[in-house]
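Engineer: One structure, as structure tokens, below. Some questions next.
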Amino acid sequence: MTTIRQRRVGKGTEAAEDQPSEETNVKPDGKILSDPTGGKLWNILSITVGGIVAITLGLLTSVYVATLHENDLWFSNIKEVEREISFRTECGLYYSYYKQMIQAASIQQGLHGLVYDNKTESVRTINILERMNVYQEVFLSILYRILPIQQYLEPVYFYIYTLFGLQAVYVIALYVTSWLLSGTWLSGLLAACWYITNRVDTTRVEFTIPLRENWALPFFAVQIAAITYLFRTHLQPVQQRVTLTAVFIATFLFSLTWQFNQFMMLIQALALFILDCLDMLPTAKVTWLYIIQMSGLLLVCVLQFFNSMILGSLLISFNVSVLIARTIQKNLKKGGLFNRLGKLILHVLLVLCLTLLINKFIKKILNLESDEHIFKFLKAKFGFGATRDFDANLYLCEEAFGLLPLNTFSRLSSTLLFYAYGFILFLLTAAAVIVAFRNLSGSSQVQSKEQMEEYTVTLKPEAAYSLVHTVLFGCLALSTMRMKYLWTSHMCVFASFGLCSTEVWKLILKCLHLYTSQRTQVIKYSIPIITLLYISFKFWPGIMDELSELREFYDPDTVELMNWIKSNTPNTAVFAGSMQLLAGVKLCTGRTLTNHPHYEDKNLRERTKQIYQIYAKRSPGDVYGILRSFGTDYVILEDSICYERRHSRGCRLRDLLDVANGHIMDGLGENDPDLKPSLYPRFCEEIKKNLPSYTMHFTRVFQNKTFHVYKLAKHK
């Protein structure tokens, strides 16, 4: 087990003026209106200073997370095998392909090894570029090979510095999005500061560097910034084309770097659909975004050798269904309130039915079952019947896939982020309901000019999109903790935008009958500045203490295991064990695996369940037969799994296997009445007794406090 211990060695803003708001100094397309020369110069100065602050904060964030990573592991001082072990679970698997490309005799040979890979899954040849999102590793390895930096920078540092550099892109994109929404770069400054001070809940890049989301989320943030600009009114054709191009590039890169891209963009498409139905977004721009989503995903599908999981995604089925339904219902946005509501309900039902039919048809044609475990998990999670499905329960029992813990909100509240977010969310939700009702009822003609100005200015199209985006991703985060990073980063943007928005404060003051232009300007500057001062005084000392705390990577048992494998087993040896450990085995030793953590394949899921019988109540002959069917030469047993205490009864891996096999679980507690006692003891416990029925198949060749390695006999 890995631990982090203390090192045993010794030591080795001032807020600027607002960017002019669209109402007075800037057109909605961003062009400066005719102003005195001094005003133009001030606008240019404000934009320049805001841009410099954005870049500075982005670079500081990169340095910050890189320093935390170094201080936590003493990465520069530990051995290469320890560095590689620090890339846990699937992180190690992804990084292994970067290492493989670097070590290949040529780029062509490296690519051939990925397309015809027979070491990731034993007795099988798979196409890594089709199955996994590793084009970023391919690109980075090629870049490292062709750049003259090999003498100055180790491959591992080139890799991790790239990921830390993407954090700068991430923060700058959040900053720009908030700036675009509010009209002032002070909002971007506040968003970036909230992102940094809430780091525990906004990112985990410093300890899960190669994770796919750390590649993808910066591009997702860039896409949201581009969409925010796209929804501004009165854009020039050239501006719109450039913005759509930026949206497409960001969407493509986001889709290319994360296997869960389709689910995230489906939520985004739902946000667009809701707002389009309520007449809160321009239909033509929404249509372009539907097309861009599909185009980006289909281009990734081509690059991934026509990955069937992409073709069978709900996103493509949904977007196609929306476009078809819109063609059928041409007069959807005409008529009175009840007429519109009737058409809207029919439209939603039509889109839903078409989506299910198209998706079912595609999956039937392609015989697609790669994502069935996700739907089994969702069905069980939301209470649509209990399940004994091993894969679904494996997800259900992981904390990362559980509900968002309540202590998350206390941490977010300590920086005032959650309070500000809740306040702005309530206000804009109320405004959205009013605007939606007015749009559906077609009563805008009877509204006074002042009322129209109040509501439409408060909820511009880009603000409406940001509102629904944060609500939908908030629901996702509340239901699945692992997805909170999609929500909390946008929470920083949304809250800072609201506190710095002229329109928001104008609406509040008008409702309180206290509105004056001067009072609005004072509040929109003073509240964010006070918040920034509070954050600085409260959290700056803690950040400095965190940066000065030095620790050291310490996992001697795993290091000993990896060194033993490299020294005492042939290069062609096949290893079986837990998914998480085997990813490290592949990275550190290059040996062939029976299974691995990239779970988006039905055959691999079935194979993993079979391999995991080493922790079930099965006979030695059965386990031996299963392992040999996958060409296994060595099996690694982990005490931390065999005698697991991290999960409660019913969620331990051995319990999931017992239930799936129809056996009663160990320990005190209830069992389903149809479960029966097993005829055999637990394999991982009994094998250590060296009984003849076990030693005829398995010979122990290595052990330490954590791991036990057995060599399989090769019977004729």
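Residue numbers in this text run from 1 along the chain shown.
Glycine residues also receive a Cβ, built from the backbone N, Cα and C atoms like all the rest.
Features from TrEMBL:
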COMPBIAS  1-10  compositional bias 'Basic residues'
REGION    1-30  region 'Disordered'
TRANSMEM  41-66  transmembrane segment
TRANSMEM  179-197  transmembrane segment
TRANSMEM  217-235  transmembrane segment
TRANSMEM  242-260  transmembrane segment
TRANSMEM  266-284  transmembrane segment
TRANSMEM  296-324  transmembrane segment
TRANSMEM  344-362  transmembrane segment
TRANSMEM  416-437  transmembrane segment
TRANSMEM  463-481  transmembrane segment
TRANSMEM  493-516  transmembrane segment
TRANSMEM  522-541  transmembrane segment
Engineer: Counting only CB pairs under 8 A, let me know which of 179-197, 296-324, 522-541 has the most with the transmembrane segment (493-516).
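Structural biologist: Most Cβ pairs under 8 Å with the transmembrane segment (493-516) come from 179-197.
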Engineer: For the transmembrane segment (416-437), could you work out the same-chain residues 6 or more beyond its ends whose Cβ comes under 8 Å from its Cβ atoms?
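Structural biologist: Result: 194, 198, 278-280, 337, 409, 455-456, 458-459, 463-464, 467-468, 470-471, 491-492, 494-499, 504, 507-508, 531, 534-535.
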Engineer: Between the transmembrane segment (41-66) and the stretches 179-197, 217-235, 266-284, 344-362, 463-481, work out which stretch tops the count of Cβ pairs under 8 Å.
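Structural biologist: Of the candidates 179-197, 217-235, 266-284, 344-362, 463-481, 179-197 scores highest.
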Engineer: In the same chain, which residue numbers or ranges, 6 or more beyond the ends of the transmembrane segment (296-324), come under 8 angstroms Cβ to Cβ?
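Structural biologist: Non-local partners: 127, 129-131, 133, 135, 248, 251-252, 254-256, 259, 261-263, 265-266, 269-270, 273, 287, 290, 350-352, 354-356, 358-359, 362-363, 366, 368, 370-371, 600.
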Engineer: Which stretch from 179-197, 217-235, 266-284, 522-541 shares the most C-beta pairs under 8 Å with the transmembrane segment (463-481)?
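Structural biologist: Going through each listed stretch, the top one turns out to be 266-284.
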Engineer: Would you kindly list the residues that approach the transmembrane segment (179-197) from elsewhere in its chain, counting only those six or more residues past its ends and only Cβ-Cβ distances under 8 Å?
Structural biologist: 13, 15-16, 18-22, 26, 46-47, 49-51, 53-54, 57-58, 61, 64, 171, 203, 225, 228-229, 232, 415, 417, 462-463, 466, 489, 492-493, 495-502, 524-525, 528-529, 531-532, 535-536, 539, 543
